[in-house]
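Novice: Have a look at this one.
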């Protein structure tokens, strides 16, 4: 039951949820003298009428729903979008830009809300999302769409963080709902007109804005502008986003847009790697409220928890994003049917997430869930490697369920383990660091997965030519063009040519799943190394 006492938790006590219901909000007093007003004891809750509470929760539900929906509706529609633009250049950034901006913007939004208050900032983020959706819906090129998606992700970071800090009880429910119906909605709208994936946000976000504008009244902590501005880790945010962007762009360009040995690719990768040193230096020397406090990583068990969270974010989002592509290419499914066949993943995640919650609630234990979740996620991802054009739908569904069950067990337990390992005064810092790392992992996953896939398709051109395909047809399914032309496979009349192309997709995607399986196995190793002691349970 949702209480009618809705109040604000500490902004530092919630992690950036990124694309998963991973964070458990635990209000803590910030012990550092950072200039941000942080009451040690929450203010007395404001009494509200039942109608007002219902209106506030409706507005918060709608806001979180649209932000979560945009993370899942896009995957089945990617092929339709890039086919419409007749260009696949940077197609993986349609999803990656949203997730990367989401991860980067969340902490900044929350600190800004300390200056101007929660209500005006969440209203601003909803309006920003509304406008960004219009940009996406009206996009005339894939570049314009990627920019619009980045703006959407920026706004979604604010919505997710602020709704979670206002009332965390509704977060997981709405995330599971959006995750379940998102692929189906995305697939259905893609068959009609993919732009409606973004137009549909307008009435929903409009209703959310009106409800929150009229009914939301929360205590607004007030911080002096200069103090609040200084508290934002601007250098840390810019350096980590810079290093991530340069590394991902270098990997994206390599082998397709430019040779791996080209100065452009080498410079991006080398400078991106060097930026990691800049980030470490900034966090140690300059950050007043570090984006990622490095002291957290002095403990091996803390590092293990973060690695499990990173592996989880990196792997689970890949299945939701690339299984539709596999179904559309090797099984010739429409976007709608591809979306429907991804339901076992989100259902598995949702069911096991609930089971894990009950298990923790009634036993207070969580390490067993980490061990089992990492193992099942690795097994399920490994099963994707064997998927071929002639694989049965039963194998697809079974693989998705195993992977989904494993991923569902890992949304909360690694974070709980980390919170249980650190001193009480560091819980908020640990939570924020964990959430940020997992959010960054999801963005990296989409882009790196696309890089492996398109390089695989580029390498398969010689095979297609050997199978008798004309050069013009083979080039349509090489590199980045493969994702753009996946919906044309059913129109190929020559059965031998069609089968060869489907085999090329299966081979390239199999290589991609090998990479994801390696990361999942690293998660297993990290999970096995998490500390087991008398403190491996929590008190309910």
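Glycine too: its Cβ is placed from the backbone N, Cα and C atoms.
Here TrEMBL flags 15-34 as compositional bias 'Polar residues'. As annotated by TrEMBL, region 'Disordered' applies to 15-46. Marked as transmembrane segment by TrEMBL: 53-78, 121-140, 146-166, 173-190, 196-219, 231-251, 263-282, 303-323, 343-362, 369-387, 393-416, 504-525 (among others). The domain 'Major facilitator superfamily (MFS) profile' annotation in TrEMBL covers 56-535.
Have a look at these and tell me how they're positioned relative to everything else.
Specialist: When averaged over the domain 'Major facilitator superfamily (MFS) profile' (56-535), pLDDT in the model lands at 86.
Long-range contacts of the transmembrane segment (121-140) within the same chain, counting only residues at least 6 positions beyond its ends with a Cβ under 8 Å from a Cβ of the stretch, are 63, 66-67, 109, 112-113, 147-149, 151-152, 154-159, 162-163, 166, 195-196, 198-199, 201-202, 205-206, 208-209, 212-213, 216.
Within its own chain, the transmembrane segment (231-251) has Cβ neighbours under 8 Å at 34-36, 96, 100, 104, 107-108, 111-112, 114, 223, 265-269, 271-273, 275-276, 278-279, 282-283, 286-292, 440, 443-444, 447-448, 451, counting only residues six or more beyond its boundaries.
Within the same chain, residues 233, 235-236, 239-240, 242-247, 249-251, 253-254, 294 sit at least 6 positions outside the transmembrane segment (263-282) and bring their C-beta atoms closer than 8 Å to a C-beta of that stretch.
Note on the transmembrane segment (393-416): residues 15, 20-24, 305, 308-309, 312, 315-316, 319, 323, 327, 331, 341-342, 344-353, 355-357, 360, 366-367, 369-370, 372-381, 383-384, 386-387, 431, 434-435, 527, 530, 538 of its chain, located 6 or more positions outside it, place their CB under 8 angstroms from a CB of the stretch.
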Novice: Where else in the chain does the transmembrane segment (504-525) make close Cβ contacts, counting only residues six or more beyond its ends and a cut-off under 8 Å?
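Specialist: Answer is 307-308, 310-312, 314-315, 318, 322, 325-326, 329-330, 374-375, 377-378, 381-382, 384-389, 445, 448-449, 452-454, 456-457, 459-460, 463-464, 477, 482, 486.
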